[in-house]
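Student: Checked TrEMBL, it gives:
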- B:12-37: transmembrane segment (TRANSMEM)
- B:66-84: transmembrane segment (TRANSMEM)
- B:96-112: transmembrane segment (TRANSMEM)
- B:118-141: transmembrane segment (TRANSMEM)
- B:150-172: transmembrane segment (TRANSMEM)
- B:202-221: transmembrane segment (TRANSMEM)
- B:248-268: transmembrane segment (TRANSMEM)
- B:274-296: transmembrane segment (TRANSMEM)
- B:303-323: transmembrane segment (TRANSMEM)
- B:329-348: transmembrane segment (TRANSMEM)
Amino acid sequence: MNRRTLLASAAALSLAAGAALAQDVPKIAFVYVGPVNDGGWSQHHHESAMEMKDHFGDRIEIVEQESVPEGADAERVLTQMALSGADLIFTTSFGYMDPTINVAQKFPDVKFEHATGYKTADNVSAYSARFYEGRAITGYLAGAMTETDKIGYIGSFPIPEVIRGINSSYLHAAQANPDVEIAVVWLNTWFDPAKEADATQALLDQGADVVLAHTDSTAPLSVLEKAGAYGFGQAADMAEFKPTPRISSIIDDWAPYYIERVQAVLDGTWESHNVWQGIGDGMVGIGEFTGPIPEDALTHVTRMKEDIASGAYHPFTGPINKQDGSAWLAEGEVADDGTLAGMDFYVEGVSGEIPN
Amino acid sequence: MIRLEKRTQPSGYWTALSPILAVGLTMIVGGFMFWALGKPPVEAIRTIFWDPLFHPQFADYSRPQLLVKAGPLILIAIGLSIGFRAGIWNIGAEGQYIMGAVSGAAVGLAFYPSQSVLLFPLMVFAGALGGWAWAMIPAVLKTRFGTNEILVSLMLVYVAENILASASAGWLRNPEGMGFPGSRNFKQWSAVYNAELLTGTGMHWGVAAAFIAVIAAYVMMARHIQGFNVRLTGEAPLAARFSGVSPAWIVFLCLGVSGGLAGLAGLFEVTGPAGQVSIDFGSGYGFTAIIVAFLGRLNPFGILAAGLLMALTYIGGELAQLMLGLPGASIQLFQGMLLFFLLATDVFTNYRVRMLRREAA
């Protein structure tokens with residue numbers, strides 16, 4: 001090959017690359033289980049996706065599909081996305097796990113990112129947030145604020161993520177107030193304002209004066225406002241309930257992760273992984289502390305937030321016993337991620353049974 | 001001045017024409033809606049009705065998917081149509097669908113990991129039985145205590161949804177699922193996986209059952225004495241009673257058939273396309289099937305066409321969301337329009353439009 005042909009082919013190559021770049025920007029797809037204005041889970045994924053879109057501008061193309069039921073419909077939607085030329089598909093609900101794995105097998109060149117699951121493949125990553133870190137802070141505040149020594153917890157589904165949240169909330173409420181009791185109500189839904197309001201009222205009637213919710217609507221806060229009790233923003237800041245009844249919040253922020261992963265696709269460095277990020281990585285945000293929180297509690301949670309972020313403190317640090325009194329973590333021992341990921345037991349002090 | 005005059009007999013001409021007219025009106029008004037949303041109306045309508053069938057990139061995949069989506073709708077709607085003909089309103093097919101899936105799956109999982117060829121037929125039987133038993137509750141309450149089957153069957157949907165939740169989070173949960181809800185996946189269990197009968201066609205046992213049900217329902221309603229009794233009960237209850245048709249028997253027959261078929265649909269879905277019992281398994285097929293039954297004029301072959309059309313709007317609607325960024329709610333609205341216009345154009349089936357010249361005062 002002489003110099004002239006070399007130059008010519010190099011020019012052709014760069015031309016072709018330029019043309020390919022112009023027409024063929026990576027197509028990033030998102031699938032949501034709820035409508036994008038549900039006020040909670042799906043809305044936050046959608047807003048994070050939009051933030052990611054603003055970050056990259058014309059360098060990517062984005063497509064979204066909302067209200068996709070989990071199961072057979074999800075598999076079809078994902079297949080259609082892959083057929084339409086999507087390069088990276090974010091499936092943002094636990095129930096999309098098996099459909100994601102199935103479709104990923106059929107399209108080895110398409111990359112997938114599944115939220116809150118545990119299955120991965122060469123072209124499927126799993127990502128999730130350590131919400132229990134946020135629960136440690138809201139749990140401590142609940143313990144500090146209760147005057148009846150009773151806090152309520154609205155559980156969605158009895159899955160490890162929710163059980164972790166209950167345990168973390170209780171352990172830290174008990175740090176603030178050793179006499180505290182926790183009452184749990186299970187709703188079997190992530191989003192149902194009417195049921196959530198009823199459950200909040202039921203917990204208030206049982207004597208609770210602080211209620212933590214693991215469901216996504218603002219209905220519990222509306223009820224708490226009327227009763228003069230306290231609660232927290234869930235998934236979103238729910239700032240409209242500041243300064244009370246909302247005295248802090250756990251905010252899902254997926255944007256940094258979405259930006260990081262899309263960048264990896266642009267750079268050609270994307271690889272499958274299974275990550276679990278918390279306060280330190282910015283995936284779990286803690287909303288502003290408001291309302292009549294005592295000074296010492298405020299100092300404590302502020303420091304706890306920093307320690308969790310830096311890794312100096314783990315919310316599940318022994319000694320911790322299981323509900324039946326058997327030992328789980330010895331003094332100073334820290335829970336491993338495997339046990340946390342599959343957590344199916346309450347810690348000592350939580351009353352009631354996990355439904356099954 | 002325009003006046004509506006009641007027809008002595010429903011017009012056969014309009015019965016056939018009104019669904020086509022309704023589809024046409026939906027396209028026009030829906031197109032306006034898409035236009036108002038700032039989307040290209042013609043392209044949106046084409047994406048919904050044309051692309052799933054003929055788009056070079058998608059059609060090979062979405063054509064078989066039409067059958068997968070339409071199968072359960074048709075199977076359930078056929079059962080419902082028989083009851084609707086007799087004036088027995090089973091609104092709770094969604095619950096019977098769920099119970100069919102749960103009971104069939106439970107029977108199968110009890111024998112995990114058996115590879116016996118008898119297991120799948122046993123599950124099919126259990127699925128039909130589960131749906132049938134769930135439909136027998138409103139039937140017994142209606143014949144014994146005169147309760148309203150509309151309310152009872154509808155309320156039982158919510159009971160079934162809670163049983164489904166407890167099954168997937170508890171007693172049918174995959175022991176190897178790390179504590180997450182959802183049963184074992186049937187797709188990884190070859191003996192019971194309701195796979196495609198012919199690769200690439202979308203044809204699984206549930207779709208085959210739907211086709212069989214269409215023909216069986218046609219034969220029953222047109223040729224069999226029970227079909228005649230059902231129709232007679234619906235059209236002239238007193239005449240039916242005088243000719244010795246027991247109203248209680250018709251209630252049991254209609255609810256039993258529709259419950260059993262809904263249960264079958266659930267079982268074929270859970271062992272096939274859905275693959276597992278999960279909290280969100282019930283995705284509204286039981287309710288959509290009511291629309292399909294009416295869109296198909298309660299006629300078996302009409303239901304076949306209506307089921308396929310409904311499936312087309314689902315799959316085309318998804319494509320429109322994907323390709324044009326239409327909001328999900330606008331697709332649901334579009335489907336709602338279809339039923340709305342059908343009911344509206346139905347006026348012409350039962351009424352005649354008369355143009356009267358204004359008379360001099």
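Just so you know, the numbers here start at 1 and follow the chain as drawn.
Each Cβ is built from the backbone N, Cα and C atoms, and glycine gets one as well.
Automated prediction, rather than curation, is the source of TrEMBL annotations.
Keep in mind that what you see is a predicted model, and the values were worked out from it rather than measured.
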Student: Could you check if the transmembrane segment (B:274-296) is in contact with the transmembrane segment (B:202-221), meaning 3+ Cβ pairs under 8 Å among residue pairs at least 6 apart in sequence?
Tutor: no
Student: Counting only residues 6 or more past its boundaries, what in the same chain has a CB within less than 8 Å of a CB in the transmembrane segment (B:248-268)?
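Tutor: That would be 71-72, 75-76, 78-80, 82-83, 86, 88, 90, 93-94, 96-105, 123-124, 126-136, 138-139, 142-143, 149, 153, 194, 204-206, 209-210, 213, 226, 229-230, 233, 240, 285-286, 289.
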Student: Counting Cβ pairs under 8 Å that are 6 or more apart in sequence, does the total for the transmembrane segment (B:202-221) and the transmembrane segment (B:303-323) reach three or more?
Tutor: yes
Student: Below 8 angstroms Cβ to Cβ, which residues of this chain, lying six or more residues outside the transmembrane segment (B:118-141), approach it?
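Tutor: Long-range Cβ neighbours of the transmembrane segment (B:118-141): 90, 92, 95-97, 99-108, 111, 147, 149, 152-153, 156, 160, 191-192, 194, 205, 251-252, 255-256, 258-268, 271.
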Student: With pairs closer than 6 in sequence left out, are the transmembrane segment (B:150-172) and the transmembrane segment (B:66-84) joined by 3 or more CB pairs under 8 Å?
Tutor: no
Student: Go through the chain and flag residues at least 6 beyond the ends of the transmembrane segment (B:329-348) whose CB is under 8 A from any CB in it; none is fine as an answer.
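Tutor: Beyond its ends, the transmembrane segment (B:329-348) has Cβ neighbours at 4, 11, 14, 17-19, 21-23, 25-26, 29-30, 33-34, 37, 48, 291, 294-295, 310, 313-314, 317-318, 320-321.
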